[in-house]
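The structure appears below as structure tokens.
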Amino acid sequence: MDSVLFRCLPHASSHTAVAGGDFCRTRHCAAISYASSYGLNASCNKRKVQNEYNLRLRKPSLNHHYKGIGGGYTFQKYDMKFVVKATSEKSFGSESQAFDPKSVSDSVKNSLDAFYRFSRPHTVIGTALSIISVSLLAVEKISDISPLFFTGVLEAVVAALFMNIYIVGLNQLSDVEIDKINKPYLPLASGEYSFGTGVAIVSSFSILSFGLSWIVGSWPLFWALFVSFVLGTAYSINVPLLRWKRFAVLAAMCILAVRAVIVQLAFFLHMQTHVYKRPPVFSRPLIFATAFMSFFSVVIALFKDIPDIEGDKVFGIQSFSVRLGQKPVFWTCVTLLEIAYGVALLVGASSPCLWSKIFTGLGHAVLAAILWYQAKSVDLKSKASITSFYMFIWKLFYAEYLLIPFVR
């Protein structure tokens, strides 16, 4: 009987045993009746009451568990929907960020800014102004300012700017290590452009420049671009017998030839012979412009090396600033410009036209005074001060080209 009891009791805790508990209790009570023991009968009654009590407790627990399973399913299903939605929103957010118009706009702005610095904008402005100014020297009467004039000027300016970008870009490709010291803000020196990117830009713009001159069919324009290409390459590229920027005189001659001679004569002849179909002439204003810009080009060639003396010393560039010192070169540049302004005053005074006398005389006098005033305030121990004055020299360069068309 004890074995019967112990066989039934362990199953009382399981759900299946609880469900079949009446059968077990029947066998248990039958065994107790057969024994006719009062103590066992009392124990059976006690266990019967307890099992009934447990059964009542377990039924709600089973129902609760069912509800829990049902509720859990419902919750899990809802939770699954929530997770999918959250993932979708995150994915959509990532895609939105990838195609964020602001990010695209910032990227475009950064690219344009890098190219702006790569093109050396002060040289771009100088090239455009010089060509427009010299082209006006070919104008003999008001009717010459026609669509034909603007077309000819546009052809020359665009082709020259393409070549300008080639020249300044090649110089940066050749001077990456030097520019890390002297001009770390340039795209190649700062790492914004790779060397391959620089080569691609330089090559593309040289091809565009020569391609446009071939389409235009102007020989003066072609020779202006070709000579600029040769001198610009010889100035910068680091191969035997070239890289003329290492030698102060050769470097100055390259800049003088392009800025003073090629720009004045070739682009004037482009307008005179190709656009207007007139015979070539060398007028008084053209001779003045060539002579004055020769002074100015020498000044630019000398002055540009003054703020770069540190890097030039490290890499063995024997500029006048390295060889003679910053102060002597600085005051030589200022003196040369003051002499040029003095000559311009004399040319203006000898002009047969009253309006030419006023514009050229007064204009050059004002520029000479401003130059002297600014020069006295430069701190030659400060690279920032010297660089600022160098950019001021370029502003004087621009101003001169505004005055040249008034020389008659």
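For all residues, glycine too, the Cβ spot is worked out from N, Cα and C.
Computed from a predicted structure; not experimentally measured.
As annotated by TrEMBL, transmembrane segment applies to 124-142 (among others). Long-range neighbours of the transmembrane segment (124-142) within the same chain, counting only residues 6 or more positions beyond its ends whose Cβ lies under 8 Å from a Cβ of the stretch, are 149, 152-153, 156-157, 160-161, 164-165, 259, 263-264, 267-268, 270-272, 275-276, 278, 283, 285-286, 289, 293, 394, 397-398, 401-402, 404-405.
Taken from TrEMBL, the feature transmembrane segment covers 148-173 (among others). Below 8 angstroms of C-beta separation, residues 118-120, 123-124, 127-128, 131-132, 135, 139, 179, 186-189, 195, 198-199, 201-202, 205-206, 208-209, 212-213, 216, 218, 221, 224-225, 228-229, 232-233, 235-237, 245, 267, 270-271, 274-276 of the same chain, each at least six residues beyond the ends of the transmembrane segment (148-173), sit close to that stretch.
Within the chain, the transmembrane segment (193-215) has long-range Cβ neighbours (under 8 A, six or more residues past its boundaries) at 114-115, 118, 155, 158-160, 162-163, 165-166, 169-170, 172-173, 176, 187, 221-222, 225-226, 229. Feature annotation from TrEMBL assigns transmembrane segment to 193-215 (among others).
Annotated transmembrane segment per TrEMBL: 221-241 (among others), in sequence order. Sequence-distant contacts of the transmembrane segment (221-241), counting only residues of its own chain at least 6 positions beyond either end whose CB sits under 8 Å from a CB of the stretch, comprise 155-156, 159-160, 163, 166-167, 170-171, 173-175, 206, 209-210, 213-214, 251, 254-255, 257-258, 262-263, 266-267, 270, 274.
The transmembrane segment annotation in TrEMBL covers 248-269 (among others).
Among residues of the same chain six or more beyond the transmembrane segment (281-303), those with a C-beta under 8 A of the stretch's C-beta atoms are 130, 133-134, 137, 251-252, 254-256, 258-261, 263-265, 268, 272, 320-321, 329-330, 332-333, 336-337, 339-340, 343-344, 347, 390, 393-394, 396-397, 400, 404-405, 407-408. The transmembrane segment feature in TrEMBL is assigned to 281-303 (among others).
According to TrEMBL, the transmembrane segment annotation covers 329-348 (among others). Within the same chain, residues 288, 291-292, 295-296, 298-299, 302-303, 305-306, 320-321, 356-357, 359-361, 364-365, 367-368, 371-372, 375, 378, 380, 386, 393, 396, 403, 407 sit at least 6 positions outside the transmembrane segment (329-348) and bring their C-beta atoms closer than 8 Å to a C-beta of that stretch.
The transmembrane segment annotation in TrEMBL covers 354-373 (among others).
Marked as transmembrane segment by TrEMBL: 385-404 (among others).
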